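Trainee: According to Swiss-Prot:
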DOMAIN    5-70  domain 'J'
ZN_FING   140-218  zinc finger
REPEAT    153-160  repeat 'CXXCXGXG motif'
BINDING   Cys153, Cys156, Cys206, Cys209  Zn(2+) 1 binding site
REPEAT    170-177  repeat 'CXXCXGXG motif'
BINDING   Cys170, Cys173, Cys192, Cys195  Zn(2+) 2 binding site
REPEAT    192-199  repeat 'CXXCXGXG motif'
REPEAT    206-213  repeat 'CXXCXGXG motif'
Amino acid sequence: MAKRDYYEVLGVSRTASADELKKAYRTKAKELHPDRNADNPQAEAQFKEVNEAYDVLRDADKKAAYDRYGHAAFEGGMGGGARAGGYGQQGDFASAFSDVFEDLFGDFMGGRGGAPRSRAQRGSDLRYNLRVTLDEAYRGVQKTINVPASVACDACKGTGAEGGAEAVTCPTCSGMGKVRAQQGFFTVERTCPTCNGMGQIVKNPCKVCHGAGRVEKERSLSVNIPAGVETGTRIRLAGEGEAGMRGGPSGDLYIFIEVREHALFQRDGVHLFCRVPVSIAAAALGGEVEVPTIDGGSSRVKIPAGSQTGKQMRLRGKGMPALRGGGAGDMLIELAVETPVNLTARQKELLREFEKLSEDNNPEGKSFFSKVKGFWDGMTG
């Protein structure tokens, strides 16, 4: 099968600069790298094609020969020089591309060379979901929680070695935590299978933790929940996560708060909302109603005469405290005018009489039916 044009392979024009060629190569190489395309059998061939194209175009002499003769410049019979130091030498190839691979795959492959890895590793962070009541969120509370986690092994003091002895340098990777393997035309670095990337091994593993340096245990912790927390509030306990590996520092524990729903109050940030039922008489004539407050007390609220369902009144400072200070929110009271049920005959009689006398006392009703009449007149007119 005929080879594709090298410029087409890299997706650049024939006038591309050296920097543009390098940038295009890095993009293509990263996209087609075999380790990133395990499920694509064509990726390796395409990756080699990209490497071959860049190997030619990055070299001024080979690029000049390719621009003049095309692929024929590297197929023999074109005189000396064109193939010198060319694509076929794996050692030279890997060396020539080391700067690109180092920059492109440094994080992906763990980097080349460098100092031996430290055996100590920080422990993982942990998450704990804690539910509190709205009353507890209002006042603040001290909670005791039980956290299952990995903790430092007491028998080996977290070293993983019997009697607390020191670990030794891994003979496979010489303490690097990585080993090199030839893959195609370049060298790939992978995690050392002997020490699992630790760089050191334990000759005589601790019989309690089997060399891990930590054991599973449930711990009881006291957590201070400040007043004003809400669902989603995160509390960090430094150093209370999983123990580090072989003497490394512990991770952190993050407490995520969930505030339970309340029977009377709904919450919106620092504000509280309470729906209060009132009788028809109280709504029509006005009066007072006693409402509970989150602090355990109550407040008497005046109901204006002629109040309707949905009317809101505000009790300032009776909401939730702000988490980081700054006072408290408000409590909003919404009236719900309650229609009486299970009426006696006398009550029904009085209501019918009241209805006859109240034609001019229902402005919203009159306005609504006036609009309905206008609507139907417009339909029939």
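Any Cβ shown, glycine's included, is placed from N, Cα and C.
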Trainee: Quick check: with Cys170, Cys173, Cys192, Cys195 left out, which same-chain residues have Cβ atoms within 8 Å of the centroid of the Zn(2+) 2 site Cβ atoms?
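Mentor: Here the nearby residues are Pro171, Thr172, Ser174, Gly175, Met176, Gly177, Lys178, Val179, Pro193, Thr194, Asn196, Gly197, Met198, Gly199, Gln200, Ile201.
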Trainee: Sorted by position, what residues of the same chain at least six away from Cys192 (Zn(2+) 2 binding site) have a C-beta under 8 A from it?
Mentor: Cys170, Thr172, Cys173, Met176, Gly177, Lys178, Val179, Gly199
Trainee: Near the Zn(2+) 1 site, what residues other than Cys153, Cys156, Cys206, Cys209 in the same chain have a C-beta no further than 8 Å from the centroid of the listed C-beta atoms?
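Mentor: Apart from the listed residues, the neighbours are Asp154, Ala155, Lys157, Gly158, Thr159, Gly160, Ala161, Pro205, Lys207, Val208, His210, Gly211, Ala212, Gly213, Arg214, Val215.
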Trainee: Relative to the Cβ of Cys153 (Zn(2+) 1 binding site), which residues of the same chain, six or more apart in sequence, are found under 8 Å away?
Mentor: Gly160, Cys206, Val208, Cys209, Ala212, Gly213, Arg214, Val215
Trainee: Among all the protein chains here, how many other CB atoms are within 10 A of the CB of Cys206 (Zn(2+) 1 binding site)?
Mentor: 23
Trainee: Work out, from DSSP, the number of helix, strand and coil residues along the repeat 'CXXCXGXG motif' (170-177).
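Mentor: The counts are 0 helix, 0 strand, 8 coil.
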Trainee: What average pLDDT is reported by the model for the repeat 'CXXCXGXG motif' (192-199)?
Mentor: 81
Trainee: Mind giving me a neighbour count for Cys195 (Zn(2+) 2 binding site)? Other Cβ atoms within 10 Å of its Cβ, every protein chain shown.
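Mentor: Its Cβ has 23 other Cβ atoms within 10 Å.
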Trainee: Let me check the 10 A CB neighbour count of Cys170 (Zn(2+) 2 binding site). How many other CB atoms are there?
Mentor: 23
Trainee: Between the Cα atoms of Cys195 (Zn(2+) 2 binding site) and Cys156 (Zn(2+) 1 binding site), what distance do you get, rounded to the nearest Å?
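Mentor: For Cys195 (Zn(2+) 2 binding site) versus Cys156 (Zn(2+) 1 binding site), the Cα atoms are 19 Å apart.
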Trainee: Which number gives the other C-beta atoms within 10 angstroms of the C-beta of Cys156 (Zn(2+) 1 binding site), all protein chains shown included?
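Mentor: Around the Cβ of Cys156 (Zn(2+) 1 binding site), 27 other Cβ atoms lie within 10 Å.
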Trainee: Going by DSSP, is Cys206 (Zn(2+) 1 binding site) sitting in a helix, a strand, or coil?
Mentor: coil
